[in-house]
Amino acid sequence: MRPNIVTEAGLHTRLGQWWDGIPLLTSAVVVVCGIIYLVCLLVGYDSFFEICFLPSAILSHFQVYRIYTSIFFHGSLLHVLFNMLALVPLGSDLERIMGSVRLLYMIILLATTNAIFHLLIALLVGHNPFHPFLYLMNECAIGFSGILFSMIVIETSLSGVQFRSVFGLFNVPAQWYAWILLILFQLLAPNVSLLGHLCGILSGFAYTYGIFNFLIPGASFYSAIEASSWLSSCVRRPKFILCTGGNSTGYIPTYTTQNTASSGLFSGNTWRNLSSWMPQRESSAQSAEDGHRFPGMGRTLGSNQSQMVSADNSDSNLQARLLDNSNLDRPSDLAATGARQQSDGRRQAADNTSVGVPPSHQGSVATDEEIQKLVAMGFEKTQVEVALAAADGDLNVAVEILMSQQG
C-alpha cells in the first residue's frame, strides 16, 4: 500500500504546482467555464439556443449579450476540456507578457471583433444573390475556441518562429499554422463552427497587424485600473500579473527574423506541458517547461531558477522585442541608437583586430539607453548597472539576472 500512497501524494503535489503556475485571469476563465458546464450538467440545462451566438437573433432582436455568453458555455465534457487545456498554455504566456488586466481587455476586444466579423460574413455570404447560404444566419455557436484561434495567431506572431509543429507530427510555416489547424479541426469534427473559428483567425491577424490599435488604450489606463480600490484584493494575489513594464505601447509587437521551429500549441510538447505535474521517479528533476521568464513587474510564477540563464531562443526573442518595442514610434531615437551602435561596432571591430579575438565574442558596454530601458521595466538602476556589467552588456542575460534576483 505504501507505493500507492506516495504516488497519490505526488500526483496531488504536481497538480497543485501546475495550477499555482497558471496566472490569475487564465485560471479564472478555466474555473468559470468549468463551473458553468458543471451547473448545466447538474440541472440538466441544454437550451443553448437561448445563449448561443445566433446571427439572426442578434440582428433582428438586438440580443448583444449572446456575443459574450456564448464563449463561456460548452456543449460536452470533451468540448470544455479540450478548450481549457488549450487555453492554459496560450493564456498563461500572453498574460505573463501583457498583464492580467490587459489580457482581460484583449479577450473582450477579441470577442467583440469576432462577433462583428461573424455577422458581416454571415450577412454577405448568407444573402449573396448568386447562391445564398441562409443557414449561416441560423447557426448556433458556443465555446471559447473562437478566441483561442485569435490567441493562436497572436502568440504565433509574438513568438517570432518561422515554423510550428502540428500535433508533433510535422512542421508547417508559422503564417499557415492557424489555417492548417482550422482545416484539420473541420475534418476531424465537421460539426464545429467553421465560421466561428475563421473569424477568430481574422481577428487575430487584425490585432497582430495593428488594425485595432486605435481601440487599445495606453499603459496609464491599465495602471489606473490596477490602482483602483475595488481591484486591490486581486492585485495582492501572487498569481496576478501587473501590466507595468515590458511592452509599454499597449499592443503586441510583431515580425521577426528568427528562423527556428516552435512546438506550437497542439504538438508533442503539449503532452509534456500537461503531464509536467505527474509524479516523477527523481524528486529533483524539473521540467524545462516548468517556468517562463518574461520582463516586467509581473511576478515569476513557478519558474525554475536554476535554468534561468539557459532560456530558449523563443524567450530570448520575446525579451529583445519587448525591450525594443518601447522605441518603435520614435524614429529619431532609433536613428541615434543605430548610429551609436554602428560606431560602437566599428570601435569593437578595431579592438578585436588588435587582440586577435573574433567580434562575436567581445562583450558590449552598457549604454545609457539600455540602462533606461531596464529601469523603465521597473528594475532599480543600481541593480541594472550591475546586471549589465555581469552580462557583458547583453540585455537578454541582464533581464534573466534581474528576474532571478527578484525571484
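Cβ coordinates come from backbone N, Cα and C, glycine included.
Predicted automatically and left uncurated, TrEMBL annotations should be read as such.
Listed in TrEMBL for this protein:
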type	residues	note
TRANSMEM	21-45	transmembrane segment
TRANSMEM	65-91	transmembrane segment
TRANSMEM	103-127	transmembrane segment
TRANSMEM	133-154	transmembrane segment
TRANSMEM	166-188	transmembrane segment
TRANSMEM	194-216	transmembrane segment
COMPBIAS	278-287	compositional bias 'Polar residues'
REGION	278-366	region 'Disordered'
COMPBIAS	301-329	compositional bias 'Polar residues'
COMPBIAS	350-365	compositional bias 'Polar residues'
DOMAIN	366-405	domain 'UBA'
Long-range CB partners for the transmembrane segment (194-216) (under 8 A, at least six residues beyond its ends), listed in sequence order, are 53, 105-106, 109-110, 113-115, 117-118, 121-122, 136, 139, 141, 143, 145-154, 157, 178-179, 182, 185-186, 250-252, 254
Range from 21-45, 65-91, 103-127 with most C-beta pairs under 8 A to the transmembrane segment (133-154): 65-91
DSSP residue counts for the domain 'UBA' (366-405), split into helix, strand and coil: 30 helix, 0 strand, 10 coil
Remote residues contacting the transmembrane segment (65-91) - C-beta distance under 8 A, at least 6 residues beyond either end: 22-23, 25-26, 29-30, 32-34, 36-37, 40, 48, 51-54, 57-58, 103, 108, 111-112, 115, 141-148, 151-152, 155, 265-266, 270, 273-274
